[in-house]
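Asks: The structure follows.
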């Protein structure tokens, strides 16, 4: 591909956040290109695999959370497809025409897609909470029709919450900072960042913490009750009840909890830097690039967690 010459040609049009000097700027841009191309390939391949598995395994559709997991897979797949924009821009010469619109649209789309993933994780935790706390009425509360309506509302809400960025109120994220205009001319706004945190990041994190805390608390209580019954009535009936009780729900909740934990571990550095930079406390192009693509890498990590945590 003669990547070195290609990157030198676009270095005047694209921002290279990790460049620390004139002599190694080209090498750093090549490194950025390799990282972005690799992540793009992994995200697309991994999520196509997840979607293919759900398509070929109808039994997986019996789980209500499969609606949200498939929605996350499609959102993450679109993240990978969207990442083709900076990938192609780095590998080929860009004329810079409509660069501002390109990076605005790119940053908006990525932010919306990751908002969908975050909201789906919160909905999954609520779904598991209802399954544990209201097992008898769960099927009446959680129906396929309501799940579809919930997913539609998630997409609408995610599209609306980042819409003010198009009207000059702040910047949704650093996903477009591979473009020079996004890095230098499109500035963050502390009020808009606070708006996003209050209406998206904080509520989702609170719901997840609340639901999983009570899920594991209830499962621990059930386990203790089963162990007490086994101690008092050591019989096969009690053993069978213990094996078919809430242990499958607890294992399933643990898998989903791992997915959620990894999501926030990868996104927390990005959110913290986003807040600090919006408040003009810290501004570091290298940290911006690293935290952004670390967060985007979560779109591939979900696929790995599915395969390692759940044999089904």
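Glycine is treated like the rest: Cβ placed from N, Cα and C.
Those TrEMBL annotations? Automatic predictions, nothing curated.
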Asks: Suppose you had to name the range TrEMBL annotates as transmembrane segment; which of 3-26, 147-170 would you pick?
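Replies: Spelled out, TrEMBL records transmembrane segment over residues 147-170, not the other listed ranges.
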Asks: For the transmembrane segment (190-215), could you work out the same-chain residues 6 or more beyond its ends whose Cβ comes under 8 Å from its Cβ atoms?
Replies: 115, 118-119, 121-122, 125-126, 128-129, 132-133, 161-162, 164-165, 169-172, 250, 253, 257, 260, 264, 271, 274-275, 278-280
Asks: Do the transmembrane segment (105-126) and the transmembrane segment (288-308) come close, with at least three CB pairs under 8 A (pairs 6 or more apart in sequence)?
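Replies: Counting Cβ pairs under 8 Å (6 or more apart in sequence), the transmembrane segment (105-126) reaches the transmembrane segment (288-308), since there are 3 or more.
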